[in-house]
Amino acid sequence: MFNGYPLSVFLCNTSGAGGWSPMVTDQEPWLQVDLKEQMEVTAVATQGRYDSWDWVSSYLLLYSDTGRVWKQYRHEDGRFVGNTNSEAVVQNKLSHPVRTRFLRFVPRDWNPSGWMGLRVEVYGCSYKSYVADFDGRSALLYRFNQKSMSTVKDVISLRFKSHQAEGVLLHGEGQRGDYITLELHRGRLDLYLNLDDNRLRFSSGRVAVTVGSLLDDQHWHSVQMERFNRQVNLTVDSHTQHFQTKGEGHSLEVDYELSFGGIPLPGKPGTFLRKNFHGCMENLYYNGINVIDLAKRRKPQIHSVGNVTFSCSQPQLVACTFVSSGSSFLSLPSAASATGGFSVRFQFRTWNPDGLLLSVQLNPEPQRLELQISNSRLYLTLHNSGRQKSEVSAGHRVNDGLWHSVSLDTRNLQITLTVDNEPSSAIELWEQLESKGSFYFGGCSAMNCQRQTPAFQGCMRLLFINRQPMNLNHVQQGLLGNYNELQFDTCNIRDRCLPNLCEHGGRCSQTWSTFTCDCSGTGYSGATCHNSIYESSCEAYKLIGSSSGFFSIDPDGSGPLGPTQVYCNMTEEKVWTVLAHNSTAPVTVQGSSPRKPHIMKLNYSASAEQLHAIVSGSEQCQQEVVYNCRKSRLFNTKDGSPDEATGEASCPGVQQCSCSLEENCIDMNYFCNCDADADAWANDTGVLSYKDHLPVSQIVIGDTNRTGSQAVYHIGPLRCYGDRGTASQQRGFLGCIRTLTINGVSFDLEERARMTPGVSSGCPGYCSGSSSLCHNRGRCIEKSNGYVCDCSQSAYGGTTCNQEVSVSFDMESSVTYTFQEPFSVMQNRSSQASSVSTESSSRAREDIAFSFVTSQRPAMLLTVSTFSQQYIAVILAKNGSLQIWYHLQTDRSPDVFSPALNNLADGRLHRIRIHRVGKNLYVQDIHTKYTLSSDAELILIRSLTLGRENFNEKVVQAASKGFIGCLSSVQFNHVAPLKAALTNRGSSLVTIRGPLVQSNCGALAESTSHTLQDHAGVMFVVCVVTAVVFIAVCALAVISRLLYQQRRAQRSNSIKEDNRHSMYTDYRTEMHLHNSVRDNMKEYYI
């Protein structure tokens, strides 16, 4: 919900550098925003760096109260969508606001042709905060004005944060036996609530309602409990439990006081019955009363026990996350030990049942010590020479997601292992051991690795070596040890079983990256126990060849109802589903009256919900009722109301027996045989078939207390036939869904897809096929009914970026593209660039590609010049050979290379691609590599020119001659100058001199070139045989040439204008394609 005002405004900033951009040497760059105080953040927005090619296309968002312990904001797949250019603003609204002071934007993807660049804006509003700090030995007591407080409605809300997994948040109790307790237990929140239920009062097995998980992560968590009578809603963060209290009471009666933070022992100040809460509470409200505000103002209603302060100063336990089970590790040097030997202490938490926690080489060699998790236990192994080893184990289910403390110590010729203050385990030694080299936590580097166990995946904190604390900030800054695939300042653990996606009571278990469901005993199968192992009806069993017998059916298939046992009668033409109840034999009734009636409740083998599903899913249901009577009436009572409630007749509301409907009652003055009240036995039998009134659930008889009165009744089983459910099933959805949000909560579809039958993650679409649909750097974009190609980064045009963009030049023609800013070519400092430049440490890189046709020599093809007097020139020399000039250092002569010594001014099409990385220069179509004298970058590029250019070097002769011919599909890095010239005439970026005509000469020249090569020999023979025809054709060609030259000047202007308008329309669409792409991001693939 977006409301409020901008807290920190950086967007649209055009001063200075125009945004944030990290150094290339930063391994893990991030942008941190300090809001100066706690704020409620509702949205964030990003922009690229001003007037540049630097932007971030996806990022993570982290938040923190202190700037030391961070938590990732969960958003769809974890990443926020960023920018596709440097100027557009992309806003992301938070599905659930966060209250925080610090934010971190962590780039994950950025412009591959540029670098990371950010301008950010944060939206939200301030809020009032009342905070109390509990040290684990303190509490606040809210005392009532009277002896006891009885309420039928309660609303309790608060926020808390703690690094302890245990502790009482709230407690109250009364002499009647009522109580309420809210406490942390194993990192979850338990609520114990009793309303006048004596069974719970005297029972030691109190049952808690549990919500939340991993609540000891030092981050704020919101709690709200709402109760009205026996209905209770308990919410922790975004997870809610709805339940009803046991017992008959509707009010909560608490005597004297409510305690917050602990349960003090009466008469013993400072003594508590349970482990106290250790952490901070904020905005604690009890039925509208601000408890912390009253305590802060020292109001008499509040009594403080121990040391409660009103600012949150909890210790910040900095953790690091081992991300990868294959390559994460942390190596730390061994600190000097004053007593000899070594000791290691640390805490860890994980979901994985296996993983290497610690390894170290020992002296004397060759010995090695390893501590690992295996099958959820800890194993300490000492590897001696050869294959000998000693091993001890400790702990149990240490992969439960909680923090566990580990201590290793070598002394007295023992290596002792202690886990969570349990009794130690020890390995006996023959001699004292010393550590050699570094301690490896979580894994090891490739050169030091001898492990077969997977690396540890989880979190660690409080690392001590030889009783010296290890500073993880120094590790992150490169001042201590070494690491790989680690996240600092955060424990990025996630409970994948909350909410529990295992259906029908399936038991959820998890690892760091996934979860599994144990469906045994549930009656369901599949990844999430979704598919019933039973058929939905008796008719379905008959279709698979079954015969009559008892079967378990699941009437709602994979719905919430479980299976139930029924008898399937398949001996008749119709298949009957039969459900029996607890009163199958005839029942005799005597001595009942309207005040003390006989009541029989019928219990079926299925629940009420299952019965309703079976009845509503059947075509027809019926149940027989037999009532034998002697002086026992049904409807003929003094007040005219029914005396026996056996259900309704075949038509609802008729209140007549079947003999009345069939007009064959013993006495036609009555609607039922029994209403004649005769001394002789009579019978009323009927079949109830109105489905809304089935099945019969209760029998009440009240007229058998007179002399001679007696009744005998029998209720038959419920019988149904016809399976309407199977016939009404609809065809499921076929297609793709993404960015699913329900009630403001975004769902991780990829993870759910892995666990749902018939659903797979990812959406193939057109663009993910093996063949490239868009060519020449064109980018494929999915549409709901197909795809389009974004050719804005390509020198080619057309629907699939494969059409040549060609222009005819004469001697005076030139095209100059001026860059938008003093532009460093190596702004594309992405990981992709760094991987390509493995041959050189320099970041310098250029990609040049073009095609040309000419008969002129010398000729100037292309030049790139900088403000610092550097340049690149590609020319044809006097002999028509290709020359490449690189002038990177102004105090030296330029490097000149001639990759093609043959004459290229031959009127045929030639394709050239030049690629430089550092000192290495590749001319790819000629398959030649050269080495430059310098690996310097082009600094502050000024312009790129095609054709005539003013030069003062040895290339001046070619420059003065310009270029006569056809240039086609020119690309320099991400710039396509010919395309820009045709689509942006009048732009300040493009300068055109002399006549410039769009042409298809590139495609024609290529076709002609291939024809001449393929058929040269045949053409020679034909020309000799048909010499006369050849002479005639030549004469005609001369005449045509003269006429063409005469009309060329007249048509030149009109041709240029028409072609310009056509190209402008085509390529303007391509240049603005990013806008249409963003507009269609919410489409679904079908």
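Just so you know, the numbers here start at 1 and follow the chain as drawn.
Placed from the backbone N, Cα and C atoms, the Cβ positions cover glycine too.
Just so you know, TrEMBL annotations never went through curation; they're auto-generated.
Marked as domain 'F5/8 type C' by TrEMBL: 1-125. According to TrEMBL, the domain 'Laminin G' annotation covers 131-312, 319-491, 822-1001. Here TrEMBL flags 493-530, 764-802 as domain 'EGF-like'. The domain 'Fibrinogen C-terminal' feature in TrEMBL is assigned to 529-581. The transmembrane segment feature in TrEMBL is assigned to 1018-1044.
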>> Test of understanding: applying the rule of at least three C-beta pairs under 8 Å (pairs 6 or more apart in sequence), is the domain 'F5/8 type C' (1-125) touching the domain 'Laminin G' (822-1001)?
In response: yes
>> Please compute the mean pLDDT of the model over the domain 'Laminin G' (822-1001).
In response: 80
> With DSSP helix as H/G/I and strand as E/B, how many residues of the domain 'F5/8 type C' (1-125) fall in helix, strand and coil?
Replying inline: 0 helix, 66 strand, 59 coil
> When DSSP states are grouped into helix, strand and coil, how many residues of the domain 'Fibrinogen C-terminal' (529-581) land in each?
Replying inline: 6 helix, 18 strand, 29 coil
